[in-house]
């Protein structure tokens, strides 16, 4: 398949290879939906049946039927619709650029340094240990936009710490889960919602992001107050020691604290580039990520390893981890966007909606 030929020369008259690739991609996305998103898979199957047999539905549900070939081709190889439509293009462009920052942070171990620093600062008082889960999840959510990724990263530290501090296991998990779900509404990523709103409302992404901060802070303030009330009930400072709580965490080094600082500085730079200098979103995200990666590389090179060979080896290991971690972060989002593109196409391809 050639993109230019597909757009300008073979549009509407696809060859056998185009159809084979289209069917293969459609089946792969359907299998992904079956494994990961059961509800969307059920909706996909219903829409396929509805598109093929729409003329037999009663009343206002009746729509012209289309054949299976038209259904699959419109959802795949027709670039403007389906799995390669607006949603997937936004995922590859804007969303991919923003998540690249988190990929660098994960590859260089800055994400773990961030969590350890926040927990160590708030954990000096046992009554503030549960709040470390809220603040840590909020910080990570600013770059992931994913509740699952947030809870997996932060929860491995905060849930055991809260349990040792006196929180029941159920409330410890609920606190982390509630704080992690804030990633769905926490700018700048907002679980891709901000990008979609900016696209549909024809406004700048920064305008959506600033308004999103207000709602996100209200959400997290409510979580903080709720956790504070639970802390008064369950956490008894006299019965525990800080050493017991942070036995799994380990000592936080000065380098890790500095890494946490540059993470927040990178987010601040990103907001300044978009809000004050009015840079395009992708350009601002890529420049911020490049500067962030350069600073992280200097830190790794200066603080890890005694010999020059070991320093280069550690730097190469971090760069390799960045390359490996970035696809892990973005692949699920891109597949979900492709699935949503197919579903929306099936809603409209018959002309009934």
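All positions are counted from 1 along the displayed chain.
Using the three backbone atoms N, Cα and C, a Cβ is placed for every residue, glycine included.
Database features, via TrEMBL:
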- 29-351: domain 'TRAP C4-dicarboxylate transport system permease DctM subunit' (DOMAIN)
- 39-61: transmembrane segment (TRANSMEM)
- 81-102: transmembrane segment (TRANSMEM)
- 169-196: transmembrane segment (TRANSMEM)
- 208-230: transmembrane segment (TRANSMEM)
- 258-279: transmembrane segment (TRANSMEM)
- 285-308: transmembrane segment (TRANSMEM)
- 329-349: transmembrane segment (TRANSMEM)
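If you count C-beta pairs under 8 angstroms between the transmembrane segment (81-102) and each of 208-230, 258-279, 285-308, the highest count goes to 285-308. If you look at the transmembrane segment (258-279), the same-chain residues 6 or more away from its ends with a CB under 8 A from one of its CBs are 101, 105, 108-110, 113-114, 117-118, 139, 142-143, 188, 204-206, 209-210, 285, 287-289, 291-292, 295-296, 299.
Where the transmembrane segment (169-196) meets the stretches 208-230, 285-308, 329-349, the count of C-beta pairs under 8 angstroms peaks at 208-230.
Through the fold, the transmembrane segment (285-308) approaches residues 94, 97-98, 100-101, 104-105, 108, 110, 255, 258-259, 262-263, 266, 269-270, 273, 279, 314-315, 318-319, 322 of its own chain, all at least 6 residues removed from its boundaries and within a Cβ separation under 8 Å. Listed by sequence, the residues of this chain that lie at least six past the ends of the transmembrane segment (208-230) yet keep a Cβ under 8 A from its Cβ atoms are 130-131, 133-134, 138, 167, 171, 175, 178-179, 182, 185-188, 190, 193-194, 197-198, 201, 271, 274-275.
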